[in-house]
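Asker: The structure that follows is given in the form of structure tokens.
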Amino acid sequence: MAEPSVESSSPGGSATSEDHEFDPSADMLVHDFDDERTLEEEEMMEGETNFSSEIEDLAREGDMPIHELLSLYGYDSTVRLPEEEEEEEEEEEGEDDEDADNDDNSGCSGENKEENIKDSSGQEDETQSSNDDPSQSVTSQDAQEIIRPRRCKYFDTNSEIEEESEEDEDYIPSEDWKKEIMVGSMFQAEIPVGVCRYKENEKVYENDDQLLWDPECLPEEKVVVFLKDASRRTGDEKGVEAIPEGSHIKDNEQALYELVKCSFDTEEALRRLRFNVKAAREELSVWTEEECRNFEQGLKAYGKDFHLIQANKVRTRSVGECVAFYYMWKKSERYDFFAQQTRFGKKKYNLHPGVTDYMDRLLDESESAASSRAPSPPPTASNSSNSQSEKEDGAVSSRNQNGVSSNGPGEILNKEEVKVEGLHVNGPTGGNKKPLLTDMDTNGYEANNLTTDPKLAHMTARNENDFDEKNERPAKRRRINSSGKESPGSSEFFQEAVSHGKFEEHENTND
């Protein structure tokens with residue numbers, strides 16, 4: 001089946017350097033029909049192939065020598081075998097005195113000459129065969145190009161490197177990836193002379209260290225047997241010691257220390273443990289009530305800093321005893337009562353500031369704020385209004401209709417004394433308090449100026465009449481807070497102030 005050439009023209013357009021969209025013709029679309037019968041025929045044809053002949057051919061080729069097999073598939077004897085390549089590599093390794101560059105140049109030049117000679121001979125053969133049959137020349141030339149080996153050592157080495165890289169090998173990381181342990185004189189810091197606390201021949205510790213255990217002097221099996229014998233019951237135990245223990249082996253430090261003092265003699269160590277006056281298990285001495293109270297106060301003040309607790313609160317005990325008592329105290333009912341009173345168990349964020357879970361902290365703060373806040377009943381509007389109305393009623397009853405009080409004329413209330421103090425009950429009052437009623441009318445004009453203009457005087461008279469009618473009606477209660485909205489509670493201040501101001505105006509007119 002011949003393949004269409006690239007240069008052949010297509011119905012949609014000729015193939016040039018530029019890309020064009022493929023436009024199929026009508027004839028191509030007519031034949032573009034997928035028939036399933038053709039697939040079935042192809043499957044039947046493939047099923048008719050005989051695999052037995054292929055197996056026989058493979059078996060015959062397996063017994064065939066390599067030279068015949070190469071010639072069967074069209075390869076000449078010039079192709080080097082793997083065995084020959086290994087022999088050549090061994091010969092090259094033996095020649096250490098020769099220069100590698102000269103060998104490569106000479107080898108490449110000599111092989112290039114051989115290739116030129118072979119090319120010239122090949123060209124002569126091609127010219128002779130071209131006269132006889134042009135198709136044979138093309139096939140021979142293609143086969144020669146395929147079969148021609150690469151004889152230059154430079155290319156051979158590259159091919160070997162490529163073959164080695166293609167093989168599966170373990171990944172070896174680079175040296176930069178590896179971590180180097182910085183140990184040695186070059187990584188040590190140079191400490192100045194005055195910084196060091198100790199001299200060259202001075203000992204850091206005044207007393208010698210005491211050996212407590214050496215695991216190399218006695219095998220582990222004997223140590224286990226010794227610990228079992230040391231923890232064996234005698235039947236004379238009382239109290240807590242009488243409680244049966246598990247089958248596990250306890251690491252009895254006192255028994256091991258006795259074994260070290262006896263030069264790892266197990267029998268002598270067991271005898272000393274049994275007849276020693278000091279108990280094998282030291283019980284914690286009882287703490288007094290004062291010590292317990294001081295310890296709890298230290299926990300409140302310093303947290304779990306047992307060094308500060310011992311130094312400032314419980315000086316009669318050591319730091320180790322404070323730690324041991326803390327774990328016993330935490331399992332007692334005294335700790336539960338202490339935690340309820342001080343909430344010591346939940347204030348972990350004070351001791352560990354790195355904790356990022358602040359939910360417990362927020363709950364604790366909200367509960368403590370709610371408990372510390374004393375519940376006080378809020379002042380109602382009715383109470384404040386009643387108290388203010390009682391004050392105003394007492395002030396009005398102390399005066400007669402002419403505005404003169406029972407005590408004398410010197411206690412007449414001026415207009416400026418009436419001030420609105422209830423307008424800002426819910427908010428801050430202004431710094432400069434101005435009197436509500438002055439010599440101005442309700443529209444904001446002064447009375448002296450209004451007398452000169454008759455029109456303005458008529459308007460003020462009408463406004464006064466309207467104001468009298470409004471005062472006769474029942475006053476609506478109104479409360480004004482700092483934001484300017486109406487709110488109940490301070491309406492009496494405003495209404496009483498207006499009523500008293502009007503009452504004083506009537507007194508002046510009567511006078």
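Including glycine, each Cβ sits where the backbone N, Cα and C put it.
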Asker: Swiss-Prot annotation phosphoserine: which of S159, S247, S372 has it?
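Answerer: Of S159, S247, S372, Swiss-Prot lists S159 as: phosphoserine.
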Asker: Between S121, S137, S482, which does Swiss-Prot record as phosphoserine?
Answerer: S482
Asker: Do you know the mean pLDDT across the domain 'ELM2' (179-277)?
Answerer: 79
